[in-house]
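Swiss-Prot has this to say about the protein:
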- R110, S111, S112, L113, A114, R115, D128, V136, L137, E138, Y171, K178, Q182: dCTP binding site (BINDING)
- E138: active site, proton donor/acceptor (ACT_SITE)
Amino acid sequence: MRLCDTDIEHYLDQDLINISPRPTNDKISGATVDVRLGNSFRVFREHATPYIDLSGPREQVSAQLEKIMSDEIILAEGEAFFLHPGELALATTLESVKLPDNIVGWLDGRSSLARLGLMVHVTAHRIDPGWHGKIVLEFFNAGKLPLALRPNMAIGALSFEVLSGAAAKPYNAREDAKYKNQQSAISSRINEDK
């Protein structure tokens, strides 16, 4: 069952779902909570490696990832990040989210931004039960013009679903959880897959 706005407010009041900083009530509507863009970004260096062998040996994949990912880019207040057509970049939400073991979250982009070509998450929009940390956004500009993105702008909306029971393997308890407690735009850790 997806939570409605009054249930979301109740879960926040009871600290069953924790969003920090806590959204004001005008950011909670229908079945979602608006989230904002943080100030941490990463981009891909062009032509730093001819390809990434996703199923290659870990050492090779690690070396290729190291070549293609930029260092973390931290924007100052009011500064813009420009996402050019055809580019992929990583960023984070301003808010940190903590979910209990019996709730799954979903991130959706804003329709107004999608109509300009901005994809907020390329595929990974599920927030696992037991998650704690900022949400990494996988931005892609499918439009024709560069897009200026600024920290604190409304970027997406979270919704929440109650599971049939508590997850036996919540994210925060898994030893193989690669992005546990993330607070910045962490690049792919596919090389840590088992």
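Keep in mind that glycine also has a Cβ here, set from the backbone N, Cα and C atoms.
This view paints the features noted in Swiss-Prot onto the structure.
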residue: R110; record: dCTP binding site; CB count, 10 Å: 17
residue: S112; record: dCTP binding site; CB count, 10 Å: 9
residue: A114; record: dCTP binding site; CB count, 10 Å: 14
residue: D128; record: dCTP binding site; CB count, 10 Å: 18
residue: L137; record: dCTP binding site; CB count, 10 Å: 26
residue: E138; record: active site, proton donor/acceptor; CB count, 10 Å: 17
(request) Quick one: pull the CA-CA distance for S112 (dCTP binding site) versus E138 (active site, proton donor/acceptor), whole Å only. (result) 17
(request) Could you check what DSSP calls D128 (dCTP binding site) once collapsed to helix, strand or coil? (result) coil
(request) Take the C-alpha atoms of D128 (dCTP binding site) and E138 (active site, proton donor/acceptor) and report the distance between them in angstrom, rounded. (result) 17
(message) With DSSP assignments reduced to helix, strand and coil, which class does R110 (dCTP binding site) get?
(response) coil
